[in-house]
Structures are given as C-alpha cells and as structure tokens.
2 protein chains.
Amino acid sequence: MSEAKTWVLASHNQGKIKEIADLLAPFGIQLQSAADFSLPEPEETEPDFAGNAILKARAASEATGLPALADDSGLCVTALDGAPGIYSARWAGEPRDFGVAMRRVHDELEQCGSADRSAAFVCVLALAFSDGAVRTFEGRVSGEIVWPPRGDGGFGYDPVFRPEGESRVFAEMSREEKAGMSHRARALARLVAEEFGDD
Amino acid sequence: MSEAKTWVLASHNQGKIKEIADLLAPFGIQLQSAADFSLPEPEETEPDFAGNAILKARAASEATGLPALADDSGLCVTALDGAPGIYSARWAGEPRDFGVAMRRVHDELEQCGSADRSAAFVCVLALAFSDGAVRTFEGRVSGEIVWPPRGDGGFGYDPVFRPEGESRVFAEMSREEKAGMSHRARALARLVAEEFGDD
C-alpha cells in the first residue's frame with residue numbers, strides 16, 4: 001500500500017480524471033490531473049501497452065515527484081498477430097477517422113485467409129513511484145470482430161467489437177452497460193484490489 | 001458480473017452513499033440510497049457481521065426488486081473472544097458514548113488476565129439480488145488495543161486501535177490516511193475486484 005496520498009493522472013481528459021478521482025477517493029487518494037502540472041508528453045516508443053503506460057507514468061512521476069498513473073490501450077486481433085494493438089489510434093490517421101481504421105481491420109482479416117475473428121480490447125494501467133518502482137494492472141475483454149459496423153454509441157472500434165457472451169457490439173450498448181465490462185474498468189478493478197485490498 | 005445497472009445502498013448516511021456511488025460509477029453502476037425508497041430497517045438478529053449484512057441487503061433487495069448492498073462492521077478483540085464484534089455500536093449505549101465502550105474494552109481486557117492486546121476491525125459488505133442470490137466481501141485491518149485513548153480524529157473505537165505496522169492509532173491519522181487502510185476500504189476493494197475484475 002502506498003504511503004503517498006496524492007497521485008497524478010497522466011491524462012488531460014477531464015471526464016477520465018473526474019471518474020478515476022472519484023473511484024480512488026474512498027481509499028484516501030487525491031488525484032491531480034496532468035493539467036495541474038507542465039507535464040512532458042513522451043513519445044510512445046515502446047512495443048507494447050505496458051511499456052508505453054510505464055513510459056508515460058514514469059515521465060509524470062519524475063516531473064512531479066509524486067506517484068503517477070497512466071494508461072495505454074487498444075484492440076488486438078488474433079488473426080492479425082495482435083494488430084492494430086498499440087497502433088489502434090494511429091490506424092485511424094490524423095485527423096482520426098475510425099471508419100478508416102475499422103475498414104483496415106476488416107480488409108486485413110479478409111486478406112489473411114483466416115476464419116478466426118477473435119479479438120480483445122486490452123488496457124494496461126501503470127503506477128510509477130518517484131523512487132523508480134512501478135506496477136502495472138491489465139484488464140481485457142475478449143470478443144470478436146463483426147462486419148459491417150453496427151450501432152452508434154461508443155467510439156473507436158466499438159462498432160465492430162462484440163464482447164463474448166453478448167449479441168450486441170459495444171457501440172449498441174449504453175455507456176453504463178459497456179462500462180461494467182470494459183477493459184479499462186477491469187484494469188481499474190485490478191488496481192483497486194492490489195493497491196487497497198488485504199495484504 | 002451483474003446485469004442490473006441500478007443498485008440500492010441500504011444506508012441513510014449521505015456521505016457514505018456519495019462515496020460508494022462515486023466509486024461504482026466507472027463500472028456502470030448507478031447507486032440509489034435507501035432514502036429514495038421506504039425501506040424496512042430489519043433488526044440485526046444474526047450472530048455475525050455477514051449474517052447481519054445479508055439480512056439488511058436481502059430486506060432492501062426484496063423491497064425494491066433491485067440488487068442491494070449493505071454493510072456491517074465492528075471491532076473484534078482476540079482476548080475477549082471477538083467481543084464487542086457485532087455489539088460494537090451497542091456497547092456505546094444510547095445515546096452513543098464510545099468513551100464508555102472503550103473503557104469497557106479496557107476493563108474486560110484487564111479482568112481477563114491475558115496479555116494479548118491483538119484486535120481487528122472487520123467490515124462485511126453483502127450484495128443481494130432479487131432472485132435470492134447473495135455475495136459477501138470482507139475487509140479487515142489487524143492491530144492492537146492501546147490504553148489510554150489517543151488522538152481526536154475518527155470515531156468509535158479509533159482512539160484505542162493501533163493498526164499493525166503503524167505507531168499511531170486511527171484517531172491520530174487524517175481521514176485520508178485511515179481511509180487507505182480501513183476495513184471498509186478493503187471490503188470495497190474486494191467487491192470491486194470480484195464484481196468487475198476479470199474472472
């Protein structure tokens with residue numbers, strides 16, 4: 001269990017900051033946002049989610065002297081050897097168009113010749129301390145890629161991802177329904193369990 | 001993982017309701033308070049924390065048709081065979097005076113002849129569903145009873161309880177410090193892990 005009671009979240013997304021701040025409050029953690037500091041935004045040069053999350057958390061912790069939390073996440077498609085993975089956002093181009101990214105997933109699946117449509121959304125949270133210690137917490141939700149895209153909720157690849165045991169894709173669920181089973185929720189659940197549970 | 005997205009908390013404590021509601025929000029749960037319903041307040045007739053928590057959660061779930069959460073907690077002193085335990089609040093009398101309750105713990109420890117001052121704060125959360133299913137989540141913090149009482153923070157038995165590995169009693173800590181290691185925080189961490197984590 002951490003001694004320090006103020007953590008920094010390496011994110012500028014106000015909705016995400018508020019949500020995680022509220023989640024951590026019962027455990028005595030006060031969360032500050034990256035916006036409260038002049039935080040560096042390191043390039044995501046690592047080959048996996050954990051590496052990039054650690055890189056961002058370390059940079060924020062070194063800049064502030066406080067424990068820092070960062071996340072990295074994406075969609076991993078089995079038949080594409082885990083792609084788009086850490087490139088999930090980058091496949092959408094600039095400015096981001098996930099219609100393009102979803103089409104690319106579909107096209108590559110058609111070309112690869114495999115009938116396997118299994119995939120997983122993965123989120124890794126990294127918690128870095130100023131003494132260099134770091135811990136990671138992974139959450140994942142398994143499912144499969146459908147085509148064509150369905151629904152108008154969610155964002156990113158949600159219109160083509162159907163979680164295991166569900167008939168609907170993420171984009172056909174309410175925000176609350178998706179939240180209860182999302183990869184980010186599961187990573188947060190693991191963080192709470194390991195940082196604030198017994199032992 | 002639960003399908004229903006609205007839970008009831010069998011409590012009228014607004015602070016507790018807000019805190020737990022904020023904690024559960026990232027998992028897609030909307031928490032309603034007992035004040036939103038005419039909830040029965042069953043007598044706590046069971047012999048242990050889990051029994052009383054289940055009794056309160058079941059009553060709230062049956063009254064509302066929604067999943068319901070309730071807690072029961074107290075101080076268990078080893079040399080007193082677990083007393084005051086489920087009677088922790090009742091030892092303080094009516095109107096509640098925890099000075100009286102702490103004195104009674106001290107006096108009974110002196111009389112019992114044991115040098116063992118170990119004790120634990122225990123909290124059990126029960127989550128009951130309208131189909132009769134129920135799950136419980138226990139959190140505990142081990143420590144020992146000190147005398148005389150110290151500090152002016154906290155409430156209940158906090159002035160005589162020193163958690164393991166700490167030099168201060170709970171009543172000498174800030175609200176945030178205590179929150180990070182409390183029995184209730186640990187029960188909540190377990191609930192989050194088991195209800196919203198990976199299987």
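Every residue, even glycine, has its Cβ placed from backbone N, Cα and C.
Non-local neighbourhood of B:Asp72 (active site, proton acceptor): B:Glu44, B:Phe49, B:Ala50, B:Asn52, B:Ala53, B:Lys56, B:Ile86, B:Cys123, B:Val124, B:Ala126, each in the same chain, at least six residues away, with C-beta under 8 Å from its C-beta. Look at TrEMBL and you will find B:Asp72 tagged as active site, proton acceptor.
For the recorded site, B:Gly156 (substrate binding site), the DSSP three-state label reads coil. Counting every protein chain shown, the Cβ of B:Gly156 (substrate binding site) has 21 other Cβ atoms within 10 Å. Per TrEMBL, the feature substrate binding site maps to B:Ser11, B:His12, B:Asn13, B:Gln14, B:Gly15, B:Lys16, B:Ser73, B:Phe155, B:Gly156, B:Tyr157, B:Asp158, B:Lys178, B:His183, B:Arg184.
Of all Cβ atoms in the protein chains displayed, 8 besides its own lie within 10 Å of the Cβ of B:Glu43 (Mg(2+) binding site). Sequence annotations record features per position, and here TrEMBL assigns Mg(2+) binding site to B:Glu43, B:Asp72.
When the Cα atoms are compared, B:Asp158 (substrate binding site) and B:Glu43 (Mg(2+) binding site) turn out to be 25 Å apart.
The secondary structure of B:Gly15 (substrate binding site), as reduced to three states from DSSP, is helical. Of the listed binding-site residues, namely B:Ser11, B:Asn13, B:Ser73, B:His183, the sparsest CB environment within 10 A is found at B:Asn13. The two recorded residues, B:Glu43 (Mg(2+) binding site) and B:Asn13 (substrate binding site), show a Cα separation of 18 Å. The record assigns B:Ser11, B:His12, B:Asn13, B:Gln14, B:Gly15, B:Lys16, B:Ser73, B:Phe155, B:Gly156, B:Tyr157, B:Asp158, B:Lys178, B:His183, B:Arg184 to the substrate site; their largest pairwise CA distance measures 22 Å.
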